[in-house]
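*Asks:* I am attaching a structure below and will ask some questions about it afterwards.
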Ligand SMILES: CC(C)(COP(=O)(O)OP(=O)(O)OC[C@H]1O[C@@H](n2cnc3c(N)ncnc32)[C@H](O)[C@@H]1OP(=O)(O)O)[C@@H](O)C(=O)NCCC(=O)NCCSC(=O)c1cc(O)c2ccccc2c1O
């Protein structure tokens with residue numbers, strides 16, 4: 001189905017497209033010429049887009065994808081890989097895709113990876129970070145790090161292992177083989193494989209189903225699933241959400257009111273559940 005994706009205004013992005021349709025934001029890495037490899041500018045722009053998605057209450061689900069029919073993302077742009085990171089116009093080496101990874105993980109809304117071709121290297125890690133992955137039949141998955149002088153021993157290893165198991169994760173990283181969409185689905189890192197022509201429709205369908213569910217329930221489930229792996233940082237995320245919920249209750253309002261009214265708070269009137 002042809003959809004009227006509208007450009008989200010207020011940004012002058014050069015390396016990504018940032019669009020909205022029916023409360024769904026779509027972030028497209030727009031470097032088709034380089035199989036959508038990311039530079040520090042690409043990841044900086046992605047960071048701003050994800051920050052907007054977090055703040056904007058109108059956005060309920062985010063789709064991350066790559067331009068064209070060849071690649072979702074082929075990882076860091078090898079042309080600008082320097083000593084210490086990927087070097088942007090300011091000459092500073094950075095690994096700022098790691099910030100984007102955290103933003104995806106911390107976004108209190110579902111993020112769908114719409115994998116339309118190669119998801120390789122740092123691009124593979126990006127799909128791993130997303131809550132759901134829907135892939136077209138032509139999609140190819142794999143890590144290249146140990147072949148090209150890199151590795152992601154963070155979420156790119158440990159979270160991947162949670163998905164596919166330790167043996168498979170080690171195979172993926174040690175051998176740097178490429179896997180078809182169906183193999184990736186069998187391994188548990190892809191939710192659904194569809195023909196290329198149905199890829200966007202399926203992602204939008206899934207997004208629209210999720211938008212019929214309680215946003216707060218999805219937010220809490222995501223935080224809980226994260227907390228299992230994220231230790232103290234995961235507990236902080238879940239605890240922050242619990243505090244947010246507590247602040248919506250009369251019991252918490254009473255504490256603040258009592259302070260401002262210079263009286264003792266009366267918490268006795270609020271129910272204590274077993
Ligand atoms: C992705 C491919 C398997 C596609 O192969 P295909 O045969 O379809 O296409 P070509 O190879 O001919 O590519 C067409 C064209 O695009 C250029 N290109 C492709 N990928 C990149 C890239 N990553 N960087 C720069 N340019 C790229 C390619 O050179 C061609 O240009 P021409 O001028 O020749 O036309 C295959 O392309 C491929 O394997 N690509 C490389 C994948 C890769 O190794 N990526 C880097 C991995 S490391 C990484 O991503 C990484 C990034 C981080 O920021 C990290 C941060 C922290 C920890 C770890 C990190 C990390 O590991």
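Positions of Cβ are set from backbone N, Cα and C atoms, glycine also.
Below are the features listed in TrEMBL for this protein:
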- 35, 86, 118, 119, 120, 121, 122, 144, 150, 247, 262: substrate binding site (BINDING)
- 143, 144, 145: hydrogencarbonate binding site (BINDING)
- 86: site 'Important for catalysis' (SITE)
- 247: site 'Important for catalysis' (SITE)
*Asks:* For the recorded positions 122, 143, 247, which sit with their CB under 6 angstroms from an atom of ligand 1?
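*Replies:* The ones that qualify, in sequence order, are 122.
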*Asks:* Which site among 35, 262 has the most other CB atoms no more than 10 Å from its CB, taking these as binding-site residues?
*Replies:* 35
*Asks:* Among the binding-site residues 143, 144, 150, point out the residue whose Cβ has the most other Cβ atoms within 10 Å, with all shown protein chains included in the count.
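*Replies:* Top count of Cβ atoms within 10 Å goes to 143.
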*Asks:* Are any of 86, 143, 144, 145, 247 (the recorded positions) within 10 Å of residue 122 (substrate binding site) when you go C-alpha to C-alpha, and if so which?
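*Replies:* Those close enough are 143, 144, 145.
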*Asks:* Within its own chain, what residues at least 6 apart in sequence put their Cβ under 8 Å from the Cβ of residue 86 (site 'Important for catalysis'), listed in sequence order?
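*Replies:* Those within reach of residue 86 (site 'Important for catalysis'), by Cβ under 8 Å and sequence separation of 6 or more, are 38, 39, 40, 76, 77, 80, 93, 94, 95, 96.
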*Asks:* Relative to the Cβ position of residue 118 (substrate binding site), how many further Cβ atoms are located within 10 Å?
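*Replies:* A count of 24.
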*Asks:* Let me know the DSSP-derived helix, strand or coil state of residue 145 (hydrogencarbonate binding site), please.
*Replies:* helix
*Asks:* For residue 120 (substrate binding site), which residues of its chain lie six or more apart in sequence with Cβ-Cβ distance below 8 Å?
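*Replies:* Non-local contacts for residue 120 (substrate binding site): 35, 71, 73, 74, 75, 140, 141, 142, 143, 144, 178.
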*Asks:* What are the sequence-distant neighbours of residue 247 (site 'Important for catalysis'), meaning same chain, six or more residues apart, C-beta distance under 8 angstroms?
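*Replies:* Looking at Cβ-Cβ distances below 8 Å from residue 247 (site 'Important for catalysis'), excluding near sequence neighbours, one finds 253.
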*Asks:* Comparing the binding-site residues 122, 145, which residue's C-beta has the most other C-beta atoms within 10 angstroms in this structure?
*Replies:* 122
*Asks:* What three-state class does DSSP give residue 262 (substrate binding site)?
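*Replies:* The three-state answer is coil.
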*Asks:* Which whole-number value in Å describes the distance between the Cα atoms of residue 145 (hydrogencarbonate binding site) and residue 262 (substrate binding site)?
*Replies:* 61
